[in-house]
């Protein structure tokens, strides 16, 4: 029988990773809702967020918070650039979903290789945001970085909810997700909304990357595994539903943590993919039901 | 074919406008005009190409020919730019944003207005005066309203954009006769206020009551252009169907 403290400890760690997967999954949903595109370059944004923050902090001595803010803004701009250079030309030609997926995957590889050439293949990490001993909940240690992850995730979700509910741009993006043609007929600039969705999604990815780097590491090639996990989170939550994606991320993080505890870390991806298959067979609409 | 008389200058004019879906041409070269102060009805049987004509005017399908609006060509393939010129379509099936509230739908109708609050309030007051039921349901999800109320919302949302011409595609679709009459009464009010309207409609008697001119579309081409008062019986109209 496994030690309950150990299980609780592993699950707590899974909660943090799950939040990150959830944020990446929301990024998938934001773009999908605005355009019907599944953006597999999402992992590149995660990698760039951590990498740029690390470079600004370590190489240029910029304090952590401003470095993170600059990294998020720069990655958001890169998201818009990706939309303009790769996605929009294909979108204008009514390219199929398959072509879009391939194109964004190719963009992911280009970003990955460019990063390799620019900064090398050495893994990099960030210091924890608040360097204090972990809090103890009974015998379970809760790192302050986990609290940062939980708090930032809650803040991001609240901000996104407010954006979509109270701002005209947010409402216009929702309208695009419901009926793109009807939105265009009202004069809503659908293409600008597409660019905005890429910026938002990239900023989300970068935030996730910055939050997770202190507890793991970042390197030129961490993007694809994160993208796959975020994609699974989005499917499990109900594709196109941001809250669902976050719940899917949490579930994925907990399942992976449970698998690590019970079966060893080598089988965590098997557990993730098994969970995906279970959902696809038994509840293909995901936890909240697919948006489309 | 009879030529109709005109109350004003042409605000919208198609010149040899055709439309195709893939390799199939579904609309033969078509010339129609809508003049200021007119409500022009496009009538015809199912599959005659009425909705296609509206979509072709807006450049939403593959077209040849030209569409002139206020003397200048309308952009093709860019619904946002067309809307910015004041040409607003209430599409078949209404195209309302069902999971959003009535108020949010109306806000999005005035998207181009930006932050001009006084002008927004003026337009909103006008729409709610025309359709008081929308005022009662401001916080309700649009998709949960009845078909008639959704159609009112679709028209109200289009009016929030302050259109220079209103295009409507089958506004009576799926509605009870009483509701259709109510909606058409509102369209007649808009016509009397001087808003040019181009109406595609299958329920010919209802449309004829308020139209100033009629084009009859059959098998993808204009079979007749008539003053509405030239049609006094079903037979007058039916002779052009499938000709």
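Each residue, glycine too, has its Cβ placed from N, Cα and C.
No curator has checked TrEMBL annotations; they are predicted automatically.
Model, not experiment: these values are computed from the prediction.
Taken from TrEMBL, the feature transmembrane segment covers A:6-30 (among others).
Listed by sequence, the residues of this chain that lie at least six past the ends of the transmembrane segment (A:37-58) yet keep a Cβ under 8 A from its Cβ atoms are 24, 27-28, 31, 64, 66-68, 70-72, 74-75, 78-79, 82, 86-87, 91, 97, 100-101, 104-105, 107-108, 111-112, 115, 119, 124-127, 198, 201-210, 212-213, 218-228, 230-231. TrEMBL lists A:37-58 (among others) with the feature transmembrane segment.
Counting residues 6+ beyond its ends, the transmembrane segment (A:64-86) has Cβ neighbours under 8 Å at 41, 45, 48-49, 52-53, 56-57, 103-104, 106-107, 126-127, 129, 194-195, 197-203, 205-207, 210 in the same chain. Look at TrEMBL and you will find A:64-86 (among others) tagged as transmembrane segment.
Among the features that TrEMBL reports, transmembrane segment is placed at A:98-120 (among others).
Residues annotated as transmembrane segment in TrEMBL: A:140-164 (among others).
As annotated by TrEMBL, transmembrane segment applies to A:193-212 (among others). With a cut-off of 8 Å between Cβ atoms, the residues of this chain six or more beyond the transmembrane segment (A:193-212) that come close are 16-17, 19-20, 23-24, 26-28, 30-31, 33-35, 39, 42-53, 68, 71-73, 75-80, 82-84, 87-88, 91, 126, 148-149, 152-153, 156, 160, 169, 172-173, 176, 183, 218, 226, 230.
What TrEMBL records for A:218-236 (among others) is transmembrane segment. Away from its own ends, the transmembrane segment (A:218-236) comes close to residues 18, 20-29, 32, 38, 40-47, 50-51, 54, 108, 111-113, 115-116, 119, 121-126, 208-209, 244-246, 248-249, 251-252, 272-273, 275-276, 279-280, 286-287 of its chain (Cβ-Cβ under 8 Å, at least six residues beyond either end).
Marked as transmembrane segment by TrEMBL: A:243-264 (among others).
Residues 29, 33, 177, 229, 232, 235-241, 243-244, 247-248, 251-252, 255-256, 258-259, 263 of the same chain lie 6+ residues outside the transmembrane segment (A:270-291) yet bring a C-beta within less than 8 angstroms of a C-beta in it. Marked as transmembrane segment by TrEMBL: A:270-291 (among others).
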Problem set entry | Stretch among A:6-30, A:98-120, A:243-264 sharing the most Cβ pairs under 8 Å with the transmembrane segment (A:140-164) | A:6-30
Exercise. Which residues of the same chain, at least 6 past either end of the transmembrane segment (A:98-120), have a Cβ under 8 Å from a Cβ in it?
Worked result: 37-41, 43-44, 47-48, 51, 55, 82, 86-87, 90-91, 220-221, 223-224, 227
Seminar exercise, completed: Same-chain residues at least 6 beyond the ends of the transmembrane segment (A:243-264) with a Cβ under 8 Å from one of its Cβ atoms are 2, 6-7, 10-11, 13-26, 28-29, 153, 157, 229-230, 232-237, 270-272, 275, 286-289
